[in-house]
Amino acid sequence: STMRERKAADPLHSSTDLTEGKEKLRLKQEVGLISGVSLIAGTMIGSGIFMSPEWVLHHMGNPASSLLIWAACGLLAMFGALSYAELGTIIKESGGEYIYILRIFGSFPAFLFAYTSVILVRPAGLAAVCLSFAEYAIAPFYPGCSSPQIAIKCTAAACILILTIINCLNVRLATSVMNIFTAAKLLALLVIVVGGLVLLAKGQTQSFQNGFQGTTAGIGAVGVAFYQGLWSYDGWNNLNYVTEELKKPEVTLPRALMIAIPLVTCLYLLVNVSYLAAMTPSELLSSGAVAVTWGDKVLGSWAWLISLSVALSTFGSSNGTFFSGGRVCYIAAREGHMPDILSMAHVRRLTPSPALLFTSAMSLIMIISGSFTSIVNFFSFMAWLFYGMTISGLLYLKIKKPELPRSYKVPIIIPIIVLMAAVYLVLAPIIDQPQIEFLYIVLFIFSGIIFYFPLVHFKYHPRFLQRVTYHLQLLLEVAPTTRDAN
């Protein structure tokens, strides 16, 4: 059948002998504390810190209030992650928000999450990161002026196609790319931080004088500024997607979060201070690629190093986003919420090529139709809608089922603060500056009803879908890497 309920094994961690039907279904618990910290920090530090500062400043109106937004975003990410840590010790399954919504609220809302995540949220995240990669990769070819949009979009599309090939060819190649590029991004940030400290020591503090002058007061503008800032922190929940693979998850999960997120927050604040030490607010606002402008002013003839480092960093981050993009597909397929074809793997390479190809196609559509800021705003709107639902599930468990065993407990005030922030982030931009696109997103989410009731609830599987799945299997040389639970 095209959709069916089954136990899933991740092809990245299972060994499959298709000729003899032998298969290991158990995920290996290989992620320790250091790996957990690297996974969170490496995913969080992507394109945002190199793209979002100018937009946060644009919406807030001055340097001091924009720095406050960056600090508040770090605090909110920390609170959200701690809330997720408790959920991860109650429901010890991989899958993040999907599995928590499924276990707490049931099949229908979980399907809406998987449907929205696979078709919109993850492709939107990948599109935004690839657009920022393109911005930096071609900036040196257009010195002193903005890069043309057509060149940016073509480069971003090429980036997605290269990532698709890398991830479809070999899992080890994809992880090697991720590790190399993580080192590049840390080096780029450290150069910017050190350069900023040198400038401050020389007395370049004019951007911080009268820092709060002209602060924006509108609730919608603050909400959109939060969207741009929180985009840079996105990834704080990544460890919850691999709970089944953590060594001692009840200990590793909270500890990794408490190390990684404060570390990233401090780094982001120092980088923003460095940008403002090198540039006036008006220069920062007019820069299409903030870090490149910083490099031109501080490093002179060596500025190309920053452009190269940031391009490598954002490419590595987009590879990480792409690499982990199939996980919701697999978990949802295990529960009968996704077409089988999206959870299959290549028979020889053991890579989840159908899911990767689908994500690639959706991301290309978003690159053609949207810009970096619009994609980030709508990505954040959808993400915080589901974060809010997940956190409300934790509050339900804390109040109604306090007897459930949990090795880590977060004070109830923390998830309450996160829930209030999620409600604000979802409603504020709609109330203050209503845009028809937000209505389209809500309509899209609920359009999942059309597919849920016939295909999942009533398990109606049209013959033509089965034939399509069969032909796609032959064309892509893929097969299920799982078997029925019985």
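Placement of Cβ uses the backbone N, Cα and C atoms for every residue, glycine included.
The stretch that TrEMBL tags with transmembrane segment, taken from the ranges 221-239, 354-372, is 354-372.
Feature transmembrane segment, per TrEMBL, maps to range 97-118 of the set 9-30, 97-118.
Same-chain residues lying 6+ beyond the ends of the transmembrane segment (354-372) with a Cβ under 8 Å from its Cβ atoms: 51, 118-120, 122-124, 126-128, 130-132, 135, 149, 153, 156-157, 160-161, 163-164, 167-168, 322, 325-326, 329-330, 341-344, 378, 472, 476, 478.
The transmembrane segment (378-397) makes no contact with the transmembrane segment (31-52): fewer than 3 of their CB pairs lie within 8 A, with pairs spaced 6 or more apart in sequence.
A Cβ distance under 8 Å defines the sequence-distant neighbours of the transmembrane segment (97-118), meaning residues of its chain 6+ beyond its ends; these are 87, 91, 237, 240, 328-329, 331-332, 335, 337-338, 342, 358-359, 382, 386-387, 389-390, 393-394, 396-397, 444-446, 448, 451-452, 456-457. Counting Cβ pairs under 8 Å to the transmembrane segment (180-201), the stretch among 31-52, 64-85, 154-174, 437-458 with the most such contacts is 31-52. Counting Cβ pairs under 8 Å to the transmembrane segment (31-52), the stretch among 64-85, 154-174, 298-317, 437-458 with the most such contacts is 298-317.
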